[in-house]
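Heads up, the thing below is written out as structure tokens.
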Amino acid sequence: MDPALLAFFKPAEMASPQRRESWMDTEHRVILNVGGIRHETYSHVLKKIPATRLSRLTPNLANYDPVLNEYFFDRHPGVFSMILNYYRTGKLHYPTNVCGPLFEEELEFWGLDANQVEPCCWMTYTQHRDTQDTLAVIESLDLDGDPPTQEEIAKKFGWEDDYYTGNMSQWQRLKPRVWALFDEPWSSKYARVISSLSVAFILASTCSFILKTDPSFQIPDIDVFYSLRVVDEGGFKNYHKTIGTDKPVTSPHPNFFYVDLICNIWFTIELLIRSLFCPSFHKFVRSPLTIIDVISTGAFFFESLLHAILIQTGSLVTLDFLSMICVLRLFKLTQHFSGLKILIQTFKASAQELFLLVFFVILAIVIFAALVYYAERSQLNKDNQFTSIPLGLWWSLVTISTVGFGDMVPKTYLGMLVGSLCALMGVLTIALPVPVIVSNFSNLYSHSQARAKLPKKRRRVLQAHEVKPALLGVKQHHGKHRKKSSSATFNQPPANFKNANGGPSMHDNSASKLMA
């Protein structure tokens, strides 16, 4: 035998150190087939991170192929490259070509912690969490332009069991329809008509409140009084009659009352219907818009009652204050315009930055008020307007907000320097949180527009437990077919079979005869 072959087949303990090392290297090598891509590494590399899926690989696993000597995993191959590199280097990096939730699912499958992502990739990796939070906020705003399905309506009203069993009553079918008419303007054309009426009544009520304060639409309450004076002139008594008028108050035109009455009747009917057909009465009562509607409607009727009882009294301040509450109805327009909902949510999302802005503005106001007070007293100044720090607070607020009424002006050079610094500080302080607010609004608006363009109905993907029975049936069918084909071809020689003399077989001769 060839000496080279003898050297190759001799035992490992008799082999050279280089060959023994190569044999041990092959023994500890692990082949991983992930999504059709083969990866090779050593077993001790996979042991670096204990209590993970790859650290517990054994040939007894169901996904081990003894023929190919590899472990097969039907997972994302691109993400696994980063995961295997984590075992090799101890540093977990985030691939930019996959979505964040997919990366988290892969890490969870392999038994790794997502918090081990390197700082250089952390900001990019956590962007999907911000996106998910934004989409959850948009979902809560109810900005859909398409009517919900019957299943979604049943879940909203808490009737899932009755819907799945088909035992929904007539009231359960009517209640969502009436609620959609008054709460979901995009659900139907009748809902759009009711929404237009509600907006028209809100605008009419607001315009009535504004216009009735104009002097052109007010009627003065004139009191006419008469006086009689007796004048004695040279023994003769003369009687002088005088007529006087007084205008103590003015009242709006009576037609404004009828406009407000009609609007509030509509608001009352709308409130009663919404409270009767709402999905959850407790959530409906705690809603800010419901509270505004109740307070505004109640204030109108209470004001009308006071005006009828105390019309001759001086309770005008109280009545005017109650009239101001109807302006709050403008917030009800958020039900009909999605842009207003996004704007309000933007201020909610920027609440931390706004509070920080208010804190720094208050701090700057107090500091510059004290500075300008002592700066104006540092020199002889006869026209000093800053006689106290509280007056300086007003000047500091006006200057920081870059309004500058000009009612209070520093006269000394040191006071002018303080005023200049105050104005610059105001520009910088107010301008800093503006990009954050704009970014939040842009983020919410862009995601809402992208979500509105998504198709509502998507193709359903079967789960793993739904696919396996079908595959087993296919395998059984193919197994039966193979058995039949093997039994049919068992008694037939192959096409290239030849007899002992080298000629064609009898089967070929018979086939050729049939063809002839």
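Backbone N, Cα and C define each Cβ position, glycine as well.
Annotation comment: TrEMBL describes 475-485 as compositional bias 'Basic residues'.
According to TrEMBL, the feature compositional bias 'Polar residues' maps to 507-516.
Annotated domain 'BTB' per TrEMBL: 28-128, in sequence order. Counting residues per DSSP class in helix, strand and coil order gives 43 helix, 20 strand, 38 coil for the domain 'BTB' (28-128).
Positions annotated as region 'Disordered' by TrEMBL: 473-516.
Among the features that TrEMBL reports, transmembrane segment is placed at 316-333 (among others).
Under 8 Å from some Cβ of the transmembrane segment (354-375) lie the Cβ atoms of residues 347, 386, 388-390, 392-393, 395-397, 399-400, 410, 412, 414-415, 417-419, 421-422, 425-426, 429-430, 432-433, 437, all in the same chain and six or more residues away from its ends. Marked as transmembrane segment by TrEMBL: 354-375 (among others).
For 387-406 (among others), the entry in TrEMBL reads transmembrane segment. Packing against the transmembrane segment (387-406) from elsewhere in the chain are residues 361, 364-366, 368-370, 372-373, 419, 422-423, 425-427, 429-430: each is 6 or more residues past its ends and has a CB under 8 Å from a CB in it.
Summarising the annotation, TrEMBL assigns transmembrane segment to 413-438 (among others). Here the transmembrane segment (413-438) has Cβ contacts under 8 Å with residues 346-347, 350, 353-354, 356-357, 360-361, 364, 368, 371-372, 375-376, 378-379, 386, 396, 399-402, 404 of the same chain, all six or more residues outside its ends.
Along the domain 'BTB' (28-128), the predicted structure has mean pLDDT 90.
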